[in-house]
Amino acid sequence: MMPFDIRVGQGYDVHALVPGRKLILGGVEIPHDRGLLGHSDADALLHAVTDALFGAAALGDIGRHFPDTDAQFAGADSRVLLREAARRVREAGYEIGNVDATVIAQAPKLAPHIGAMVANLAEDLGIARGRCNVKAKTNEKLGFEGRQEGIVAQAAVLLWRASVGDAQD
């Protein structure tokens, strides 16, 4: 038995850019002529982090907990979903160590908004800002991201808990 149960989770999300929607990433509304299409607010960054949390705790994925077939999640604020995911992960006995995420978008430039995204992640997860990181990358005009047809987000999280027995409980 290890003295600590340490878990790593990986999350991924992608949404199409379409006219007539707000662009929300990391809980921040970003000025742009298009937004992300989805059942909720389509915040790809928070969805990737949420998926990484559930994965690390072996609790399934975002679709299992917040299905896009459930009307109660139509237009949902992804910050609310992230806070609930963090609550469920803690309920399972885990603490959140850190989060590292990457958003891949050709446009708009995301660098001016990274600080606000990190602040939202830290607040929603109940951890220090220094334990949250968000990076923005372009796809060098390659693929659907480069053609500005959509935005991708990837996230990794570290969870831990002091082991008192089998991690399969």
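Every residue gets a Cβ built from N, Cα and C, even glycine.
Same-site candidate for divalent metal cation binding, as annotated by Swiss-Prot with Asp13, His15, chosen from His32, His39, His47: His47. Measuring Cα to Cα from His39 (site 'Transition state stabilizer'), the recorded positions that fall within 10 Å are Asp68, Asp70, out of Asp13, His47, Asp68, Asp70, Thr138. In this structure, the recorded positions under consideration are His15, His39, His47, Arg147, and the one with the smallest number of other Cβ atoms within 10 Å of its Cβ is Arg147.
Within 10 Å (C-alpha to C-alpha) of Asp70 (4-CDP-2-C-methyl-D-erythritol 2-phosphate binding site) lies none of the binding-site residues Asp13, His15, His47.
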